[in-house]
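The annotation repeat 'WD' is assigned in TrEMBL to 13-52, 53-92, 93-124.
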Amino acid sequence: IWNATSGEEQHVLKGHSGRVNSVAIQDDTIVSGSWDNTVRIWNATSGEEQHVLKGHSGSVNSVAIQGDTIVSGSDDKTVRTWNATSGEEQHVLKGHSDAVCSVAVQGDTIVSGSSDKTARIWNA
């Protein structure tokens, strides 16, 4: 974590056992997705890990956060939604035939992009 004004390093977030593919931030919450098949939730102020989200069976390529919803996309061809406070899995969205490379969330809409050459729109 870097201070955008001073350029000083604030925290190093250690916990993943594989490379970190994606990060997202909202207020005091940082979300990271990794090659280790997990999503992690961190406190941006303290740098402390809050939750480890397990459910994907492949690399987590993309994460997004809005409000109390975290969205993740994985090599396992799924998009998953999680509760940002409790860390509990909410939904598993299946439909892609190849790895999910990117996810975005706005309001009740989730968009995912995949190696299957499609983008899909989901109602959260």
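Glycine residues also receive a Cβ, built from the backbone N, Cα and C atoms like all the rest.
Through the fold, the repeat 'WD' (13-52) approaches residues 1, 58-67, 70, 72, 74, 76, 80, 82, 84, 86-87 of its own chain, all at least 6 residues removed from its boundaries and within a Cβ separation under 8 Å.
Confidence for the repeat 'WD' (53-92), expressed as mean pLDDT, is 98.
Residues in the repeat 'WD' (53-92) partition by DSSP class (helix H, G, I; strand E, B; coil) as 0 helix, 25 strand, 15 coil.
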